[in-house]
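Database features, via Swiss-Prot:
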ACT_SITE  H155  active site, proton donor/acceptor
ACT_SITE  K159  active site, proton donor
BINDING   G9, A10, R11, G12, K13, M14, G99, T100, T101, A125, P126, N127, F128  NAD(+) binding site
BINDING   K37  NADP(+) binding site
BINDING   H156, G165, T166  (S)-2,3,4,5-tetrahydrodipicolinate binding site
Amino acid sequence: MSIRVAIAGARGKMGAEAVHTVMKHDKMELVAVLDYKEVGKTLADLDMFPASYTVPIFTEMHDLVEATSPDVLVDLTNPHSVYNHTKEALNLNVRPVIGTTGFTDAQLEELSTIAKEKELGCIIAPNFAIGAILMMKFAKEAAKYLPDVEIIEMHHDHKLDAPSGTAVKTAQLIQEARTQKTQGHPEEKETIEGARGGDFDGMRIHSVRLPGLVAHQQVLFGGDGQLLTIRHDSLNRNSFMSGIAFCVEEVMKMDQLVYGLENII
């Protein structure tokens, strides 16, 4: 029996790739798309999709769920919309798979409570690329031995949040593995504000936004006479699709919220 999938954010680059992925998947059926703009009745009305993509488009979550009964909502929208989408989906008994970042700790706690009460799976993944998940795991392990760390994340210039969810998640994992410490000279002074990057538990996070980039991150570990660099590059958005498909299948087996793909693989 196919998993019934709805997608929010289908007109974005990631969302469009996800549409093609679900349409081609033999264990999934794309039953609806959520789009706040009235862009057409079906995906076939949009120039970016083939005429055979007759999947209906809805502007309201409630109408979408009532008409198409999806099992899973894949959200690839933006930080302004994702919290409301996730909360509404859970309250309508739809399992969210979220690839959008920008949640506050309070929002994550509330969503986790709802998912637990309803015994529904929910996956919030700052990054769907398997290689990026391995990078985070390796970084956590390295921090046990090399606690002086800086993170440089680089993304396309249309990304709204900084630092990226992947960088924040990496820093949180490193925080679990090392004792908090202040890095750099104790009397260092920024002659340009922000030059040393954002401070997270003593480690510095630097965000780069440039055209031509997709999603890239390096974690630098310094030690006496040595530098260890762990780096991951997503060269195109296909790198995320296997992770999305994996999460759609996995969320059907779950009864609570999981934050981070590294907690599943």
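Glycine is no exception: its Cβ is also placed from the backbone N, Cα and C atoms.
Structure coloured by features recorded in Swiss-Prot.
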{"residue": "G9", "record": "NAD(+) binding site", "Cβ within 10 Å": "25"}
{"residue": "R11", "record": "NAD(+) binding site", "Cβ within 10 Å": "17"}
{"residue": "G99", "record": "NAD(+) binding site", "Cβ within 10 Å": "25"}
{"residue": "T101", "record": "NAD(+) binding site", "Cβ within 10 Å": "22"}
{"residue": "P126", "record": "NAD(+) binding site", "Cβ within 10 Å": "25"}
{"residue": "H155", "record": "active site, proton donor/acceptor", "Cβ within 10 Å": "23"}
{"residue": "H156", "record": "(S)-2,3,4,5-tetrahydrodipicolinate binding site", "Cβ within 10 Å": "14"}
{"residue": "K159", "record": "active site, proton donor", "Cβ within 10 Å": "17"}
{"residue": "G165", "record": "(S)-2,3,4,5-tetrahydrodipicolinate binding site", "Cβ within 10 Å": "22"}
{"residue": "T166", "record": "(S)-2,3,4,5-tetrahydrodipicolinate binding site", "Cβ within 10 Å": "26"}
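In this structure, of the binding-site residues K13, K37, the smallest number of CB atoms within 10 A of the CB marks K37. Taking the Cα of P126 (NAD(+) binding site) as the reference point, the closest of the binding-site residues K37, H156, G165 is G165.
Long-range Cβ neighbours of F128 (NAD(+) binding site) (same chain, at least 6 residues apart, Cβ-Cβ under 8 Å): G99, F240, M241, S242, G243, I244, C247, L261.
Among the recorded positions H155, H156, K159, G165, not one has its Cα within 10 Å of the Cα of G9 (NAD(+) binding site). Here the candidates are the recorded positions R11, K13, K37, T101, K159. The one whose C-alpha lies nearest to that of T166 ((S)-2,3,4,5-tetrahydrodipicolinate binding site) is T101. Each of T101, P126, N127, E153, H155, K159, D161, S164, A167, A215, Q217 belongs to the same chain as H156, G165, T166, is absent from that list, and has a C-beta within 8 angstroms of the C-beta centroid marking the (S)-2,3,4,5-tetrahydrodipicolinate site. Here the candidates are the recorded positions R11, K13, H155, H156, K159, and by Cα distance the one nearest K37 (NADP(+) binding site) turns out to be R11. Among the recorded positions T101, H155, K159, the residue whose Cα lies closest in space to that of G165 ((S)-2,3,4,5-tetrahydrodipicolinate binding site) is T101.
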